[in-house]
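The next block holds one structure in the form of structure tokens; read it before the comments.
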Amino acid sequence: MWPQMMEKDNRSSFEGFILVGFSDRPRLEQILFVVVLSFYLLTLLGNVTIILLSALDSRLHTPMYFFLANLSFLDMCFTTGSIPQMLYNLWGPDKTISYVGCAIQLYFVLALGGVECVLLAVMAYDRYAAVCKPLHYTVIMHPRLCGQLASVAWLSGFGNSLIMAPQTLMLPRCGHRRVDHFLCEMPALIGMACVDTMALEALAFALAIFIILAPLILILISYGYIARAVLRIKSAAGRKKAFNTCSSHLIVVSLFYGTIIYMYLQPANTYSQDQGKFLTLFYTIVTPSVNPLIYTLRNKDVKEAIKKVLGKGSTEV
């Protein structure tokens, strides 16, 4: 009986999936198409700007901007891996996605989300070194260590996805093809399974401890030390400078972790699809588009780099 069910399920799975999304609310889909497209274009513009500025302005050749350029590249990959398919499904009546397309989307959404968790922890450590060990900062955060920390972030995210994505896709679904989501998201795909998924959910939770909770704990510890160091600064100007150095990163951490923890650290049977859809929209389109704005508006070096690059461009013309 089990092999027959698996064989039937495999045949239906390879036919692809139907991403239901908000198809029961066509008016909302039209509005979302415009909103998602606008945020996607903002994401590309903002993150390309950060990457170019980090490369072109020598004042931004520091560990902080090296990691920020990594974050911008990650956000571009994350949105490009999911938004074009979302726009296609929102635009017309065709809501299908091929099995291979769903597998690729699931793999990269999981991988890049994991990379961002670890990368934000690395950036918190960089801020800790800058504020708490200013005299030894350049020695601690030397280029080789920065490259190694960035590599750990990328490898851990993709390694986690290499475990979870195939396990999720291999779940028997008894012919069910309708995904009550607009992305091939892990909670939605697990919710489609017609077998007990407790073992897979336990594995996902165990990996989430290392990919989500452990980096979050490191971020909180880093900012605990930073807060203590800032309170010891006697001058108001010094405290303000230290606060401005870290506040942008703290805002990004809060936006990202707030939604990720809700999405991935709760059991699938308590997962509300409508809440999940809007939260996915938030961290898929809003967070990557506001990251460059947060770092740009609150950062004097980036503002000066923009003026310098634009000034050069106008002089050349």
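Glycine too: its Cβ is placed from the backbone N, Cα and C atoms.
Listed in TrEMBL:
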type     : residues : note
TRANSMEM : 31-53    : transmembrane segment
DOMAIN   : 46-295   : domain 'G-protein coupled receptors family 1 profile'
TRANSMEM : 65-84    : transmembrane segment
TRANSMEM : 104-125  : transmembrane segment
TRANSMEM : 145-163  : transmembrane segment
TRANSMEM : 202-226  : transmembrane segment
TRANSMEM : 247-265  : transmembrane segment
TRANSMEM : 277-297  : transmembrane segment
### Task
For the transmembrane segment (145-163), could you work out the same-chain residues 6 or more beyond its ends whose Cβ comes under 8 Å from its Cβ atoms?
63, 66-67, 70, 107-108, 110-119, 122, 125, 203, 207, 210-211
### Message
Taking contact to mean 3 or more CB pairs closer than 8 A (sequence separation of 6 or more), are the transmembrane segment (31-53) and the transmembrane segment (247-265) in contact?
### Response
no
### Query
the transmembrane segment (104-125) and the transmembrane segment (277-297): do they have three or more Cβ pairs under 8 Å, with pairs 6 or more apart in sequence?
no
### Query
For the transmembrane segment (247-265), what are the same-chain contacts with Cβ under 8 Å, counting residues 6+ beyond its ends?
71, 113, 116-117, 120, 123-124, 127, 185-187, 204-205, 208, 212-213, 216, 219, 223, 276, 279-280, 282-283, 286-287, 290-291, 294-295, 298-299
